């Protein structure tokens, strides 16, 4: 496409993505190999712009990476002081007693409620102090591979391509960032990871990945209702027994509340709308009082990997590795992935430092020691001990899964001699509209509950208008015969940003894609029943601009 | 306290926005006014008839110098000694001249005020109207521009002020007026139009969208569109009003078949009067519209034209 | 010839500003900041003049907190040759900024100063005019077209209802309006190169400028929400109301 030749820059390591794993890897690299040149690119307009998480974080990996994090002002300002797991019925709730024994992974002593975006902004500052070159606003759009099949870096996307695919007046070609090693730290379901995975068949012999969709709101609530340090999670209502998920509510900072809802994307009912589930749980008596008189500040959504170690692909390939949630290091029962993402980045960095040092002697192309380091670390032990819990929910339903998880924790202590497997990808388990039960959701009241578009407004999402649609439907006729005829357009419900809309429903149904609303959650890439939608990176700096506190 | 108001006029007729500025000035003290230009004499007569105006200063100038910021700013600075405040309506002219005057007087100007709390304290929008700041000036003199839509204009007749000639100082020179070209386009610019007629999804297609033109013609209005209308190709991008399109604040905004998503509202909510026509009584646009009609816009549109014609 | 382009770091235009709960201002902590869009247009115009061979050096200036250097890096990535950061933690306003710029103009002696017509945070629309006033030099605000020839600059300006053309002797001050040009992207290679371009750091005190603001913010509030009006039954009633009640037609 580009007529102007692309400029090239050489680095020892290029990292794609400025989240916890990418930034931790960058910092670790410069700590252990100070002479290595490290370049990190981030598709968001700034570090933190696309970061969305609860988040309660466990500072274990942080303490290993930056032992003086407290003195250096890491924004971990609200220690967890109180926690509740609520089982919801339509109008009531039951607090699970002895939480620390039934769900020991939920023990949050020593953990902190944070804005993960703010935390990443802080990490980026540390990385820059160590000499990492960070370039936000540039999306990794293409994997560079040499003749020997080795990944040699990435190219950033062209800027200024019009909707018609032709270069406009302000066209600026992408740039080739060449590297001895490339780390993909794109977060859940990375678009370049998807290409690399296919290229090197990285998922061979592992379980399919299974995902969740987290939709979050940031609220400022009246001071008298604010209980800093309170962590609440819920399960049960309004999801049926076949659907995994639940709400969270964390009180932190200056009268801020992080509220959100995760829906397991292995849900079968095509009429389900994760967005509307999230909205209606706010009306439950367990949560509603906190929202009264408050104001919603921000909104966003992001998919997360829930498969656990059974679903982690091969982590390395010639010229690079996968780190963080794009590989799938989330600890689902703990509902935490920041510490594991950071740890994976740090271990990859150590492996790369070793490989860089050896490169002259051995010409080793694959940073193989990364996998060994992972398996030898607490990260693996931790993920191994919880490996059966999320699959148990998929197999035995919500109540059965909860029971299993209690037994696993109290009797087996995570040392069950068996491993439960995820058998289907999330897109395969959706059931046709004809056999799915319709769900009627309450109308937004404009005070506590809202519609999609006014929500997207609060994500500060923007994409340059004049660019190609970045949600690629491979075959539009397949949309009609599968998505419409069989499933009645599930994308118009699972998309939390109203990107997908069915036009002329009564006469000539067709799909209208409002790509400009996209908050980069990746759910369509995951859940589309025919795997007919490819999420590719839009022009750099596009997407949400999550504010501080998010 | 006496306040000087620098007036905009068109062919001798004082603009309504300037009469709003006089209304604001009246809250601060006695009002003198200044008119400049080749037809300043006519403008001075109009200004003298405005109730509440004590004295009209006129600068008749046929050289084009009164079109330039440099001499006019110098003139205002010269006149400033007799006044506590100098005001003007927020127009391109005032925004060109008044800050320069303020610099000559070592004063920080206060642009676009929407309310006067006291002689030193004013309310003005910041962040394109996303917030209202109340600011207090520590300067002895205040240089202010006034957002006209926030002050009801004073009447144009009924007063009888004295008229005095003043001369334009030479100014620092270096600037030459070449020409003024008024827009020939029959339609005003979307962003500066007094009236905007916008269409949305309810227009159904490109053909129907053109049905807005006769209404816009009758009102001398610019035409706008919601993003849905742009996305569906009824009109091109440049018509889009909203968060990612143009931000407009006309005196009258007519939304035809626009549901009123927040992204659209962000681009037009500062309009003085909003009219909405939509067949869905629940459409969010009605939550911000001053006047709404629930019904089929293709029926209402011709009725509206007929009524406008009838009324002349 | 030399051009000076002042640039301001403001909340990114894609972000909806949020008024702080205590009414003391607008929340800026953790908020994405960018170069003021009108300043980008000013930089672009300077770069185009350089590409035409009219201009030989572009100096970008920013006044504010240390983070404003990000904005200067952007200006240099777009094509400015070097930059000056005037560091201050005092709230800036057009008068104090114009005084700092005046001092810099006297030092740098540029032939042209191109500014954005207004910053999208305080919406003052004053700095260029004030700088011109302080310097006693000619000004052309709201420029939609700039042509430099024979020691003078001819500027087409946007005025209400049309345009006006003025010719200014150099040195002169121009403020850029939206339609002057479409700014280029700061491309990644250029951002990398900009890291090596020189940036001088000074303070207002070095220039002998007193930054004490003349305007103080008493409070900042969200604008009142619009309320739903009335539903009417006919076009006739609407026209009558618009004419007699709202008085807008």
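Along the chain as shown, the residues are counted starting at 1.
Every residue gets a Cβ built from N, Cα and C, even glycine.
Here TrEMBL flags B:226-227, B:240-244, B:257-264, B:278 as FAD binding site. According to TrEMBL, the feature domain 'Electron transfer flavoprotein alpha/beta-subunit N-terminal' maps to B:3-181.
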Please list, in sequence order, the residues in the chain of residue B:258 (FAD binding site) that are at least six apart in sequence and whose C-beta is under 8 Å away from its C-beta.
B:198, B:199, B:200, B:201, B:202, B:226, B:228, B:229, B:264, B:276, B:278, B:283, B:285
Does residue B:262 (FAD binding site) have same-chain partners at least 6 apart in sequence with Cβ under 8 Å from its own Cβ, and which are they?
B:243, B:284
For the binding-site residues B:226, B:242, B:244, B:258, B:260, B:264, return the ones with C-beta distance to chain A below 8 angstroms, or 'none'.
B:244
Model confidence for the domain 'Electron transfer flavoprotein alpha/beta-subunit N-terminal' (B:3-181), as mean pLDDT, reads 94
Around residue B:260 (FAD binding site), how many other C-beta atoms are within 10 angstroms of its C-beta?
23
Just to confirm: which same-chain residues, 6+ apart in sequence, have a Cβ under 8 Å from the Cβ of residue B:242 (FAD binding site)?
B:226, B:227, B:263, B:264, B:265, B:266, B:267, B:268
Here the binding-site residues are B:226, B:240, B:244; the one whose Cβ sees the most other Cβ atoms within 10 Å is B:226
Using DSSP and collapsing to three states, where does residue B:262 (FAD binding site) fall: helix, strand or coil?
helix
All-chain count of other Cβ atoms within 10 Å of residue B:264 (FAD binding site)
29
Please classify the secondary structure at residue B:240 (FAD binding site) using three-state DSSP.
strand
